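Undergrad: Just passing along the structure, written as structure tokens.
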Amino acid sequence: MYSSFHNHGINAIFFLIEEINQAKKRRSCFLCVQAILILGINMADRVATSDKSKSVREEALTYAYILLYIFLSSAQIFFNKWVLSSKQINFPYPLGLTLLHMIFSSVLCFLLTKVFKILKVEEGMTAEIYVTSVIPIGAMFAMTLWLGNTAYMYISVSFAQMLKAIMPVAVFILGVAAGLEVMSCRMFLIMSVISFGVLVASYGEIDVNWIGVVYQMGGVVGEALRLIFMEIFVKRKGLKLNPISVMYYVSPCSALCLLIPWIFLELPKLDASGPWRFQPLVLTLNSLCTFALNLSVFLVISHTSALTIRVAGVVKDWVVVLLSALLFADTKLTVLNLFGYGIAIAGVAAYNNHKLKREASKTSSDESQEAEKVPLVASTSMLHSKIGV
């Protein structure tokens, strides 16, 4: 864009010089003024056109990143379900699959940031912050993925997504307990709507496996705790990391947290089943899909905001619920399922809207406070100048 703007500027200057020379020849001030006006209009038109085309390109790129996130997120859920449930793959080990994802993510993050230096890890991490913040976040992240993947072995993908809609309720209750949220009539109403919708959707489930429900709700609690720890991490420690930096620091910790239970829970089953016969290509592609999903989150947040991820997540949930009925035989949707899930999603949308308004008001209040500080500094400097300091 800079080179294009530079070329336009040179052409416009040559045009100005030619017009001024003609004006000098005719000894007319009018043509000089006209040449300057034409130059201004010409440059403004070119800049406006360039800015407009750039805006259109950026908007199209943003939508492409959002669609990529929805596609990868949906594909990852279906991929995990297929790997864990398919007799052809023969890998019914959710803990081992999650451990493989974390090891793969740790290695790739190290290669991209430290070896090839394609991406940059933000500085500011200390041993004290890692122990008090990153380790709890990594442990909760490991718990979320482990329990969530295990739930796919007992319940359908669509029902698992419906249960995930209770997430804002868990986050809000834990946030109130941690002093990060304040209970209000509006929030109580929103939480009640979400809970009622999930209950209706669960009641409409034809074949409920309560073991899968317990695993899924455990994953929801783990994710809620992870989000609470992240908010405490940002507010109290004052360190903000992009998703790539979070993956770089959290993935090894999560892998270690998963390795310990894997040794005691799934390794004996693997040894008892005979020689390890897996499909490395399928498992590698599955891990790569997980890493690509995390990268897409980084791209969407860097071009929009965290709220956009929430909204895109709602769209993704509907896509997963509807497509799972077509892809998997264990998925049987009922009208009561969809009705209850629709109520829950309406509550989630109201929750996201409430969070957006609160973040906007907080940003505007911060800006007003900064604006109030400027006159104070100016008046202080004026006072010093008057008394001769």
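From the backbone N, Cα and C atoms, a Cβ is placed for every residue, glycine too.
OK, TrEMBL features for this one:
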DOMAIN    65-352  domain 'Sugar phosphate transporter'
TRANSMEM  60-79  transmembrane segment
TRANSMEM  91-113  transmembrane segment
TRANSMEM  125-147  transmembrane segment
TRANSMEM  159-180  transmembrane segment
TRANSMEM  187-204  transmembrane segment
TRANSMEM  210-234  transmembrane segment
TRANSMEM  246-265  transmembrane segment
TRANSMEM  277-300  transmembrane segment
TRANSMEM  307-329  transmembrane segment
TRANSMEM  335-352  transmembrane segment
Undergrad: With the transmembrane segment (210-234) as the reference, which stretch in 60-79, 91-113, 125-147, 187-204, 277-300 has the largest tally of C-beta pairs below 8 Å?
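TA: Checked against 60-79, 91-113, 125-147, 187-204, 277-300; highest Cβ contact count belongs to 125-147.
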Undergrad: The transmembrane segment (277-300) vs the transmembrane segment (335-352): three or more C-beta pairs under 8 Å (separation of 6 or more)?
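TA: Output no: the transmembrane segment (277-300) is apart from the transmembrane segment (335-352).
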Undergrad: Tell me if the transmembrane segment (187-204) touches the transmembrane segment (335-352). I count contact as 3 or more CB pairs below 8 A, with pairs 6 or more residues apart.
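TA: Contact between the transmembrane segment (187-204) and the transmembrane segment (335-352): present, because at least 3 Cβ pairs are under 8 Å.
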Undergrad: With pairs 6 or more apart in sequence, are the transmembrane segment (187-204) and the transmembrane segment (159-180) linked by at least 3 Cβ pairs under 8 Å?
TA: yes
Undergrad: Quickly jot the same-chain residues contacting the transmembrane segment (125-147) by Cβ under 8 Å, restricted to those at least six beyond its ends, or write none.
TA: 94-95, 98, 101-102, 215-216, 218-219, 222-223, 225-226, 229-230, 232-233, 237, 239, 249-258, 261
Undergrad: Under 8 Å between C-beta atoms and at least six residues away from its ends: which parts of the chain pack against the transmembrane segment (307-329)?
TA: 66, 69-70, 73-74, 77-78, 81, 156-158, 161-162, 164-165, 297, 300-301, 338, 341, 345, 348-349, 352, 355-356, 359
Undergrad: So what's near the transmembrane segment (60-79) in sequence-distant terms, Cβ-Cβ under 8 Å and 6+ beyond its ends?
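TA: Non-local partners: 157, 161, 285-286, 289-290, 292-293, 296-297, 299-300, 303-304, 308-309, 312-313, 315-316, 319-320, 323-324, 327.
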Undergrad: Across the whole of the domain 'Sugar phosphate transporter' (65-352), what does the mean pLDDT come to? Round it, please.
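TA: Summarising the domain 'Sugar phosphate transporter' (65-352) by its mean pLDDT gives 88.
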